[in-house]
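*Asks:* Dropping a structure here in structure tokens format, bear with me for questions.
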Amino acid sequence: MFRQHEEQPARHPEALRLVSVRKVYGSGARAADAQQSTRAAQAENQVTALDGVSLSLPAGSFTAVMGPSGSGKSTLLQCAAGLDQPSSGVVVVDGAELVGGSETELTKFRRQRIGFVFQQFNLLPTLTVLQNVTLPLRLAGRRVDRQAAVRVLEEVGLGERLGYRPAELSGGQQQRVAIARALVTNPRVLFGDEPTGALDTRSARIVLDLLRRAVRDYGQTVVMVTHDPVAASYADSVLFLADGRLAGRLERPTAEAVAERMAHLGDEVLAAPAPGQSYGGSGGPWQPVNQGV
Amino acid sequence: MFTLALRSLRFRVGAFAASFLSTLLGATVLMSFASMLDTAAGDHVDAASEETLGTMATVVGGWGLLLVVFAVSSTLTLAVRQRAQEMALLKSVGATPAQLRRMVVGEALVVSTSAALLAVAPAMLGGRGLLAVLKETGQVNEEIDYAFGATGLSMGLGITFAAAVLAAFLGARRATAMRARDALTDAQLANPPMGLARRIGAVLLLLVGASQGVVTMTVMNGEGSDAMQTAGTASITFALGLALLAPLLVRTVGAVLTAPLRWFAGTSGYLTAHNVRRRTQQLANALMPVILFTGISFGTLYMQAVENDATDAAGLTKSTEDKNIELLNFVVIGMIALFACIMLINTLVATTTFRTREFGQQRLVGATPGQVLGTVGLEGLVLACSGIGFGSLAGLVTLIPFTIARTDRVVPDVGPAMYGGIVAVALLVTLASCVLTARRSLRTPAMEVVSAA
Ligand SMILES: Nc1ncnc2c1ncn2[C@@H]1O[C@H](COP(=O)(O)OP(=O)(O)OP(=O)(O)O)[C@@H](O)[C@H]1O
Ligand SMILES: [Mg+2]
């Protein structure tokens with residue numbers, strides 16, 4: 001279902017590897033072309049969002065990334081997915097190193113290997129459900145296999161809504177379209193940045209089940225950021241991030257174990273913030289864990 | 001609400017720049033010509049000079065009025081509509097429609113008053129220059145002194161003011177009539193059907209334009225330069241009619257071009273075909289100025305060229321009145337062309353900027369910057385070419401009848417160079433506005449653009 005029946009080159013056993021990845025905001029080229037005063041001001045006080053993260057994820061694994069707000073989860077995901085470039089360090093996806101380059105080069109790298117699901121869906125409002133799903137193939141100049149796209153949409157439970165526009169769907173349905181769109185290119189790694197963050201409990205569960213099924217049944221590799229211990233418990237393992245560093249790992253997580261670990265992580269971070277680091281403007285140093293799902 | 005208006009002005013200088021600029025230009029032109037009335041009231045003015053000055057003031061002033069209303073209302077309406085979401089937010093926190101209307105009208109008042117006051121100095125210079133040209137060509141008495149007085153000032157300020165307030169009321173009514181929820185869910189995509197009044201107006205204008213063409217060919221045939229009166233307005237009226245029909249024209253173009261675009265232009269063509277059909281309203285707003293620009297400059301410039309050739313061929317020299325008419329023709333089309341360009345640039349820059357998020361989403365799905373620019377460029381090309389096509393049609397409504405009336409030919413014996421120039425300007429302005437704006441919006445990383453909203 002999630003697979004296209006095209007000939008697949010063999011997969012690398014290691015889907016994702018990060019070596020000493022650092023990301024410093026407010027420095028280098030980005031600061032130079034900063035135009036807005038807010039960004040110029042940020043150039044003054046640099047933020048180390050990722051501080052030497054190394055990790056290795058095998059193909060077919062389902063990993064959740066957790067950590068306090070501002071700990072660098074989104075930054076980690078974007079660097080690993082080629083949406084942003086690390087300040088230093090190495091990112092290897094499916095055996096291919098992501099080497100820095102123009103946006104065009106990064107885009108071409110991503111097209112071959114990466115699917116991304118966002119909290120805010122990011123479906124194109126003028127396109128129908130089916131058109132949204134086939135768009136990545138068109139953009140990549142690949143053959144558009146309509147049947148395959150329809151099959152993926154059927155698999156996510158939207159076979160009846162092919163001609164709908166995003167505005168005519170609920171949030172949960174839109175996120176399922178986004179997942180179908182990410183899967184249709186048959187990516188080596190599927191990333192999700194709080195994919196259930198904007199959904200109610202029931203829709204979130206459907207989305208998480210879909211992701212788990214993609215991993216279990218079809219060997220898809222999934223990396224998902226979440227704030228929700230229950231969502232994290234769908235994964236095979238949880239990586240904890242604090243202050244831009246890996247701060248622990250939990251295998252075969254349960255929601256309770258995750259929540260407990262997060263509470264301690266919050267304590268540690270509150271007690272001893274690393275010098276020169278901010279906890280991010282998005283929230284307080286620590287946001288209460290969402291209950292539910 | 002007035003403080004709110006001031007504050008929103010300060011934070012949205014860009015959105016109001018076009019309104020400000022077109023008001024400034026409009027008020028300058030208006031007052032330059034209106035000051036001819038002040039000048040005519042001075043010493044050393046003989047009857048002929050007075051008549052020339054009066055004609056200048058009223059003919060150009062009349063056109064200026066129309067243009068100011070048109071340009072100010074279109075730029076202001078756009079500035080208001082771009083903020084449908086902000087309006088909706090204000091509404092959802094309890095602002096009443098009346099409060100919002102007061103805010104929008106307040107903004108318009110500040111913009112138009114400052115623009116009109118700033119226009120006084122350039123208008124004095126402009127008026128002086130105009131008088132110098134009139135003297136040089138011997139159309140008015142050498143001794144006349146330039147005057148800028150109450151008439152020029154009050155006409156300029158009054159008209160600009162009235163136009164701005166009227167435009168603001170119309171724009172605000174639309175924006176505030178929207179229910180809060182509708183505005184919050186993708187106000188941009190609305191493709192409202194054309195109103196009945198608009199359809200009727202369009203058909204009437206087309207009919208009047210066409211009949212002016214017919215009158216030129218029949219009644220005015222052999223009447224010499226007088227044929228310019230009916231011929232000149234024919235293309236203007238016809239172009240206005242087509243401009244009103246713009247949404248329909250965009251839909252037609254979209255339907256016709258869908259297949260070839262998909263076939264020949266790859267992914268960009270696919271997206272372009274899509275956008276042309278889904279973003280009818282925005283494209284129509286941009287199509288209008290292209291039609292007006294092309295139609296009116298093509299019609300008027302070629303008509304004047306045919307007229308000059310015909311005068312030469314008859315071995316005549318130009319009378320003062322001929323020179324008057326020629327100058328007026330050039331001033332009027334110059335003004336219209338300038339306003340059309342401002343409107344075009346404003347519309348394209350605003351709508352393209354508004355699509356920054358959409359571009360970001362395309363980039364995240366795997367569109368390279370080149371593909372985004374390619375799609376935007378292709379859309380611009382479709383837009384410019386359809387505008388040029390329809391505009392040329394309007395121009396022909398002047399040109400063919402006038403050539404028949406004035407010469408023994410149907411197709412005028414004037415080279416294609418001027419037409420090439422008009423086409424080049426239309427293409428260049430359209431493509432540069434959208435592609436450069438899109439390029440600027442691509443400079444921000446896609447993630448940032450998408451999560452900012
Ligand atoms: N574009 C940017 N420019 C400057 N600083 C940034 C930028 N994006 C993120 N940061 C900073 O980097 C740090 C990590 O941010 P990141 O978005 O990765 O956190 P997060 O763990 O995803 O937080 P949340 O749970 O709130 O989404 C924060 O201190 C944030 O302020
Ligand atoms: Mg985040």
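Including glycine, each Cβ sits where the backbone N, Cα and C put it.
Pulled these from TrEMBL:
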| type | residues | note |
| --- | --- | --- |
| TRANSMEM | B:58-80 | transmembrane segment |
| DOMAIN | B:64-169 | domain 'ABC3 transporter permease C-terminal' |
| TRANSMEM | B:108-126 | transmembrane segment |
| TRANSMEM | B:146-171 | transmembrane segment |
| TRANSMEM | B:200-220 | transmembrane segment |
| TRANSMEM | B:240-265 | transmembrane segment |
| TRANSMEM | B:286-305 | transmembrane segment |
| TRANSMEM | B:325-349 | transmembrane segment |
| DOMAIN | B:331-445 | domain 'ABC3 transporter permease C-terminal' |
| TRANSMEM | B:381-405 | transmembrane segment |
| TRANSMEM | B:417-438 | transmembrane segment |
*Asks:* To the transmembrane segment (B:58-80), which of B:240-265, B:286-305, B:325-349, B:381-405, B:417-438 is linked by the most Cβ pairs under 8 Å?
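*Replies:* Answer, by Cβ pair count: B:325-349.
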*Asks:* With the transmembrane segment (B:381-405) as the reference, find which of B:200-220, B:240-265, B:286-305, B:325-349, B:417-438 contributes the most Cβ pairs under 8 Å.
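*Replies:* It is B:286-305, which has the most Cβ pairs under 8 Å.
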*Asks:* Other than its close neighbours in sequence, what residues sit by the transmembrane segment (B:417-438), given a CB gap under 8 Å and a spacing of at least six beyond its ends?
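*Replies:* Distal contacts: 286, 290, 293-294, 297-298, 301-302, 305, 341, 344-345, 348-349, 352-353, 355, 359, 372-373, 376-377, 379-381, 383-384, 387-388, 391-392.
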*Asks:* Other than its close neighbours in sequence, what residues sit by the transmembrane segment (B:240-265), given a CB gap under 8 Å and a spacing of at least six beyond its ends?
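*Replies:* Same-chain contacts beyond the ends: 191, 194, 198-199, 201-209, 272-273, 276-277, 280-281, 283-285, 287-289, 291-292, 295, 378, 382, 386, 390-391, 393-394.
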*Asks:* Mind checking which residues reach the transmembrane segment (B:286-305)? Cβ under 8 Å, same chain, six or more beyond either end.
*Replies:* 74, 228, 231-232, 234-236, 238-240, 242-243, 246, 249-250, 326, 329-330, 332-333, 336-337, 340-341, 343-344, 347-348, 351, 383-384, 386-388, 390-399, 402, 412, 414, 418-419, 422-423, 425-426, 430
*Asks:* To what whole number does the mean pLDDT across the domain 'ABC3 transporter permease C-terminal' (B:64-169) round?
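*Replies:* PLDDT averaged over the stretch: 80.
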